[in-house]
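Some notes on the structure that comes next.
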Amino acid sequence: MILQSLNITLVFTSYGPPGALNYGVFVISLVVYLTTVFANITLMLVICLDTSLHKPMYIFLFNLAVNGLIGSSAVLPKILENLIDDIKDILYTDCILQVFFINVYGTCAYAILTLMAYDRYVSICKPLQYHNIMTPAKIRLLLFIVYCVPVCSLAVQVYLTSRLPMCRYTINKLFCDNLAVVNLSCVKNTWGDLYGICLVLIFVVLPLIFVILSYVRILFVSLKASVSARKKALKTCTPHLITFINFSLASLFSVIYNRFNINLSKEVNVFMSIHFILIPPLLHPLIYGIRTKEISNSITKIFQRKILALSFNLKTEQRCNDALFISTK
């Protein structure tokens with residue numbers, strides 16, 4: 001990183017002066033962020049506590065929840081701060097870190113959703129070989145690849161971006177992204193642009209093709225199966241399909257917002273800017289919590305155990321108090 005950039009402060013120009021819109025967005029964003037944190041942590045705890053959920057699909061879902069927390073926590077706290085502050089700024093180094101974690105969130109989410117599609121493909125198309133294919137060692141290897149490859153690749157992209165000399169110091173968005181930081185440069189980032197295209201092909205286009213082919217294969221196998229088998233396949237695939245489509249649409253909106261200068265109202269600009277970070281991490285645990293019977297049953301069992309344990313403790317305490325009262329007479 002160029003040494004002169006270390007102490008540079010960048011100013012966001014999309015927030016506008018403090019007012020009703022900023023305060024309204026602040027309240028909504030805060031509620032959504034707290035709900036997101038609660039929903040994802042709850043899902044993670046349920047998967048950890050219930051040994052019946054220690055299966056590949058739920059291990060991948062656990063990692064999707066962790067990734068959602070990384071994405072939302074990398075952006076929303078700073079957005080909340082800027083919404084109520086008079087000066088909407090960020091240090092250049094913090095901006096670069098924000099770019100890195102946003103990109104890690106996006107690429108890892110797509111990679112994890114691809115693993116989940118692969119798991120569904122093996123489960124439905126090769127049920128007898130499932131346990132031989134989806135071994136614990138293979139799951140650990142796949143998760144290592146899902147995190148290591150994007151993190152290393154994106155670290156290179158962020159490094160290339162950070163080396164660019166800067167001529168501008170204002171960002172017309174709510175938070176930092178790679179394109180916004182590149183646009184602050186005085187020079188054209190040819191190698192960075194080519195590298196970015198390669199990353200999109202590897203981490204977005206290829207996973208999308210893989211997921212589509214997986215579900216085409218699942219569809220062909222399901223059509224040849226019995227009615228009950230088709231219902232079971234639809235039931236197990238529906239949450240993943242909803243999640244994947246939701247994240248893909250959010251990513252598409254983000255690309256349109258970042259790449260094309262479209263004249264939109266300020267309210268729509270705000271929504272387009274934060275939709276990619278705000279909505280998917282909230283919806284993913286809710287979708288799986290509602291649509292997946294095993295998780296909803298597990299949540300019910302955990303709450304029932306907690307209520308029974310609390311009731312037992314209260315009864316035991318009452319008996320001890322009664323015995324102490326009788327002994328003192």
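For all residues, glycine too, the Cβ spot is worked out from N, Cα and C.
Taken together, the residues in the domain 'G-protein coupled receptors family 1 profile' (39-288) have a mean pLDDT of 86 on the 0 to 100 scale. Annotation comment: TrEMBL describes 39-288 as domain 'G-protein coupled receptors family 1 profile'.
Taken from TrEMBL, the feature transmembrane segment applies to 20-46 (among others). Same-chain residues lying 6+ beyond the ends of the transmembrane segment (20-46) with a Cβ under 8 Å from its Cβ atoms: 53, 61-62, 65-66, 68-69, 72-73, 76-77, 79-80, 83-84, 266-267, 270, 274, 278, 281-282, 284-286, 288-289, 295, 298-299, 302.
Residues or ranges marked as transmembrane segment by TrEMBL: 58-76 (among others).
Residues or ranges marked as transmembrane segment by TrEMBL: 96-118 (among others).
Feature annotation from TrEMBL assigns transmembrane segment to 139-160 (among others).
According to TrEMBL, the transmembrane segment annotation covers 194-220 (among others).
Residues or ranges marked as transmembrane segment by TrEMBL: 241-258 (among others).
Per TrEMBL, the feature transmembrane segment maps to 270-290 (among others).
For the transmembrane segment (194-220), the partner stretch with the highest count of Cβ pairs under 8 angstroms, out of 58-76, 96-118, 139-160, 241-258, is 96-118. Here the transmembrane segment (139-160) sits apart from the transmembrane segment (241-258); fewer than 3 CB pairs are under 8 Å, leaving out pairs fewer than 6 apart in sequence.
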